[in-house]
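Right, one structure below, let's go through it.
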C-alpha cells in the first residue's frame, strides 16, 4: 500500500505537468505571453511540493503512516480541483479549432481595404474643402461689394458735407448783407455771441466770411457808426480781424495783408492850463500797451477806438462778407 502511494506521488505530478504543459502550448500557439512555459514549470514545482507536504513525505521518499497519506491524498485532490477551476476561469476556453495564420494575400487585401477607406475619407475632405472655398469666394465678393457700397456712401457723405458747407457760406453771406451793413463790395454783420478771437474767426469762415478787416478810414468810420447804433447805450469791445501774433508790433489782417492805418485809443489830454501828468490814466491808458501778452485787436463800440487784448478773451465779434 505504501508503495502504491509512492507510485501515485511520482506519477500524478507528471500527469499534471503534462496537462499544464499542453495548456501552455495552446496558449503559446494562440499568441500568448513568452513566459507562459516558465510560469507553468513554477506552478508544477509548487504543486509537487504541496502534494509531498500533504502526504507527509520527505523530498524523494514516502511516509510510513497510511492514515496521513490518505488525508494528504484528499487534500491534494481538493487543491488540484480548485487549481483547475481557477485556471479555467483565468484562461479563456479556446475555440473548437486554432485560428489559421493570415496569408500574404489576406494581408495585402487588408492593406488595400484600409487604403481604400483612407482614399474615401480624403475624397470627402476634398469635397468639403471645395464647398468651403466656394463659400469663402462668395463671402469675399460680398465683402468687396460692401466695401464698394461703403466707399460710395463715404463719397456721397463728403459731397453732402461740401454742399452743406457751401450752402452755409452762401446763407451767411446773404444773411450778412441782408441783416448787416452793406458798404461797397463788403457787408458787415455783428454777432452777439462771446467767443475767443480764433473761435470768432472760425465761425465767420464757416459762414463764408472772416472777421472784419476795414481797409481804409471810410470803412472804419462806417463800421463805427454801425456798432454804436447796434450796441448803444453800452460800450462793448468787438473783435476785429487784426493781430500781431506773428511779430510784436507787426499788425496784420486775417488775410495776411499789413494794416495801413490805425485807430488806437489815446488817454484824455489835460485841459488847457493844467499841469500834465507823467502817470498814465488808470482806466484808459494809451493803446497798445499789452506787449506780447495782448496780440489781438478789438474795437470799442462807443467811439470806434482800437484796444489790444488777450486773444483768449471772449468778446462780441463782427464778420465781413464779400458782396
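Easy rule for this one: first residue shown is 1, then count along the chain.
Placed from the backbone N, Cα and C atoms, the Cβ positions cover glycine too.
TrEMBL does not curate its annotations; it predicts them automatically.
For the ranges 54-106, 107-159, the feature annotated in TrEMBL as region 'Disordered' maps to 54-106. It is 273-294, from the ranges 273-294, 295-316, that TrEMBL records as region 'Disordered'.
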